[in-house]
Amino acid sequence: MEFTKMNGLGNDFIVLSGYKELPDNVAELAVRWCNRFFGIGADGLVFILPSEKADVQMRIINSDGSEPEQCGNAIRCVAKYVYDRDPGKREAITVETRGAGVQQVHVTAEKGIAKAIRVDMGEPVLQGLEIPTTIDAERVIDQPIEAGGRTFTFTAVSMGNPHCVIDVEDAPSFDLAAWGPLLEQHPLFPNKANVEFVTVRSRDYADMRVWERGAGPTLACGTGACATLVALVLTGKTDRTATISLKGGDLLIEWNEADNRVYMTGPAAEVYKGKVEE
Ligand SMILES: N[C@@H](CCC[C@H](N)C(=O)O)C(=O)O
């Protein structure tokens, strides 16, 4: 089994292509191969599969074996993988996702290698039950959430997958391990949630740290950065375009007023190729 190790700002994946569909034991493979001590080590497995609707189909499996609907950093990795191997060097690539439809990606390259990748991440879902949360409201903005004896204020956004965005005093020093697991599994989120802890520094810049559903603390989360920007716009804290600065680096996020779609721009990197003998 050959794989390519890739990452988007340190959110790292074991990328597999050449399969026609997901293997039956994909959850078990993800847990085993993503293990950082006994396996290859990664936040998730990413499969590049054939698609009838787009250039390729992407399926991602979290390191705990669960399958999310979408992954922003993985989409950029998939686009780079496809572009760098494409003799025609097409800058526009379409990627079918499990839960966020077909996404349009634009690659900017240097010397035939993809550098900046801009993804149309679609329209955010804000209706409470659709995110899903247990709150039946048009928007879930600045609501209280209690966990471990502490009450936070959160805004909920789905970018295909559910996010719980929380303002904190200083995101980079926030104790993710103490609060992330409690909030990820909070009963307000029936499908669990990715949890973003955010500190706004200016109208166009915020620090964010993430505790991901099914993967724990990661260095970056693309859908999380998009959800964060949407939450910050809804609460009046930033403009519609801002840099969301993560532990692994920066993403530029725009929530376009005209088409209501969220655009994410950032890098992707290929680190090495490997082979597993099973
Ligand atoms: N890292 C990702 C999100 C991956 C899925 C997430 N853990 C979930 O379960 O929803 C990103 O870059 O968006």
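Counting begins at 1 with the first residue displayed.
Cβ from N, Cα, C; glycine included.
Whatever TrEMBL says is automated annotation, not expert-curated.
As given in TrEMBL:
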- ASN11, ASN62, GLY72, ASN73, ASN161, ASN194, GLU212, ARG213, GLY222, THR223: substrate binding site (BINDING)
- CYS71: active site (ACT_SITE)
- CYS71: active site, proton donor (ACT_SITE)
- CYS221: active site, proton acceptor (ACT_SITE)
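Its own atom aside, the Cβ of GLY72 (substrate binding site) has 28 Cβ atoms within 10 angstroms in the protein chains shown. In the shown protein chains, 28 other C-beta atoms lie within 10 A of the C-beta of GLY222 (substrate binding site). Note: the residue listed as 'active site, proton acceptor' has non-local neighbours ASN11, GLY72, ASN73, ASN194, GLU196, VAL210, GLU212, LEU246, i.e. same-chain residues 6+ apart with C-beta under 8 A of its own C-beta. Distance from the CA of CYS71 (active site) to the CA of GLY222 (substrate binding site) is 7 Å. Distance noted between the C-alpha atoms of ASN161 (substrate binding site) and the residue listed as 'active site' is 8 Å. DSSP assigns GLU212 (substrate binding site) to a strand in the three-state reduction. Taking Cβ-Cβ distances under 8 Å and a sequence gap of 6 or more within the same chain, the neighbours of the residue listed as 'active site' are GLY44, VAL46, MET58, ILE60, ASN161, GLY222, THR223. In sequence order, PRO68, GLN70, CYS71, ALA74, VAL210, ALA215, THR218, CYS221, GLY224 are the residues of the same chain, not among ASN11, ASN62, GLY72, ASN73, ASN161, ASN194, GLU212, ARG213, GLY222, THR223, whose CB sits within 8 A of the CB centroid for the substrate site.
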